[in-house]
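Quick look at what Swiss-Prot annotates:
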type	residues	note
ACT_SITE	84	active site, proton acceptor
BINDING	10, 11, 12, 13, 14, 15, 16, 17, 83, 84, 85, 86	ATP binding site
BINDING	140, 143, 173, 176	Zn(2+) binding site
C-alpha cells in the first residue's frame, strides 16, 4: 500500500511545526517507527531538534541535501517527518515520491510563500503531490485578527532565503501586508 503525503503550510507563527510534532507524537503513541528531519541551515532554536515557537521539540536528523534522508530510513519506518521544507532543494520531491511508493507516510511542514509573496519552489512541488494539505493561519501582528496568511520581513534586507525569527519576520493579513509594505 502506498504512503500518504500531508503538507502543513502557511505563514510564520501559524503553528506548522506544532502540528507536525503532534503527528510525530501520534505515530510514536501507535508504536510506529519514525524518522524526523530538519535542514542544517535552520539552527534558530536548537541544532539537533525540531522545536516549535512554543518550545516543544523532538530530536531530528540534521541534513543538507534531501538524498541524505535515505541513510536514516529503515525497512520498518512508517512515518517520515520533515520540517522547514522550503529550505531544501527541489530534489526533496523525488525523495518523497520514493518514500510514498515504499508505503511510508510523509508529513512536511514549511512556508508556502516568501516575504515577497513568491512561492517556495520545494513547497509548491510537494503541494502538487499531497494527499492532504493543512493550510494554517496566524494572528495578524498588526490588526490582531486570526486571518494572517502572509509573512512580512521587517528587518534584515530583501533576501528571500534568510533564516530568522521574530527579529526579522511578522505574520500579517493581506490588508495589513499591503499597508505595512508601503512603509518597509
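Think of each number as a place in line: the chain as shown, counted from 1.
From the backbone N, Cα and C atoms, a Cβ is placed for every residue, glycine too.
Here the features listed in Swiss-Prot are painted onto the structure.
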| residue | record | DSSP class |
| --- | --- | --- |
| 10 | ATP binding site | strand |
| 16 | ATP binding site | helix |
| 83 | ATP binding site | coil |
| 140 | Zn(2+) binding site | coil |
| 176 | Zn(2+) binding site | helix |
Spatial separation of residue 10 (ATP binding site) from residue 173 (Zn(2+) binding site) - C-alpha basis, Å: 12
Candidates 14, 16, 83, 85 (binding-site residues) - the one closest to residue 143 (Zn(2+) binding site) by CA: 14
Other residues, Cβ within 8 Å of 140, 143, 173, 176 Cβ centroid (Zn(2+) site): 141, 142, 144, 145, 147, 148, 172, 174, 175, 177
Neighbouring recorded positions, C-alpha within 10 angstroms of residue 10 (ATP binding site) - of 84, 140, 176: none
Cβ-Cβ neighbours of residue 84 (active site, proton acceptor) (radius 10 Å): 22
Integer Å distance between the CA atoms belonging to residue 140 (Zn(2+) binding site) and residue 12 (ATP binding site): 11
Site extent for ATP (largest Cα pair distance over 10, 11, 12, 13, 14, 15, 16, 17, 83, 84, 85, 86, Å): 16
Nearest of the recorded positions (14, 16, 83, 84, 85) to residue 176 (Zn(2+) binding site) - Cα to Cα: 14
